[in-house]
Amino acid sequence: MIGGALLFVGVSSLPALADDGKGITKPPGRAASCTPCHGLNGEGQPVRGIPRLAGLNADYFERQLASFKNGTRRNRIMLMIASDLSDDESKALASYYAGMMTPKPQTTPADRAVIAAGAELAANGDPSKDLQGCGQCHGAEGLGAGSDFPRLAGQSALYIEKMLRSWKAGDRKNDPGGVMADVANKLSDDQIKSVAAYYESLPIAAPAPTPEASKP
């Protein structure tokens, strides 16, 4: 069983940990149901609003699995999957996806004016609503910052829209300090669409480092 095997994995054995994560995404592993939705390489399905997992910060990834378990994120399918994973399996899965550098699937680009409006919002926010730019937390290029602010570059626009609306409706409640709920409630529908389109349009850069990899 993978959970037992992970007891012998040292914190510096990131390749081994990622291999364990890869193993449980293959039948009969407990996370074999990841790939039909999120893709063989974590690329997601942008046109269906199924998120990209490749390159997500490992701590952030683990926290999302925990949120599905405790109900601060609501999704029936993800609740079943996350509840079946041990803490060690969640850690291995997070390490596996964090180290992936998967190209973006081909999508139809949004209108250039919509993307430009999203770029302006991401960079400068909306002073009339006391709203700071998304890049203040998620980074100037949408590459994320630590475990609280995930990588948005290359993420599905439909997924970003869906999450912003979930925060707005109060269905998602796992943002530190309620920051995202506050942001989402200040955004108009057009602003949600434009900022989501902008982030989907951005190129994929280097994967977010795992916590152990960032240590000297």
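Just so you know, glycine gets a Cβ as well, placed from its N, Cα and C.
Predicted, not measured: the structure shown is a model, and the values here were computed from it.
Its Cβ taken as reference, M78 (heme c 1 binding site) is surrounded by 17 other Cβ atoms within 10 Å in the chains shown. The heme c 1 binding site annotation in TrEMBL covers C34, C37, H38, M78.
Around the Cβ of C137 (heme c 2 binding site), the number of neighbouring Cβ atoms within 10 Å comes to 17. Look at C137 (heme c 2 binding site): DSSP puts it in a helix. Taken from TrEMBL, the feature heme c 2 binding site applies to C134, C137, H138, M180.
Per TrEMBL, domain 'Cytochrome c' is recorded for 16-101 (among others). Taken residue by residue, the domain 'Cytochrome c' (16-101) breaks down under DSSP into 49 helix, 2 strand, 35 coil.
Annotated domain 'Cytochrome c' per TrEMBL: 113-203 (among others), in sequence order.
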Non-site residues, in chain order, whose CB comes within 8 A of the mean position of the CB atoms of C134, C137, H138, M180 at heme c 2: G135, Q136, F149, L152, V179, V183
Least Cβ-crowded entry, counting other Cβ within 10 Å, from the binding-site residues listed as C34, C37, C134, M180: C37
Average pLDDT across the domain 'Cytochrome c' (16-101), rounded to a whole number: 93
Spatial neighbours, same chain, of H38 (heme c 1 binding site) - Cβ under 8 Å, 6+ residues apart: G44, Q45, I50, P51, R52, L53
Tally of DSSP helical, extended and coil residues in the domain 'Cytochrome c' (113-203): 56 helix, 4 strand, 31 coil
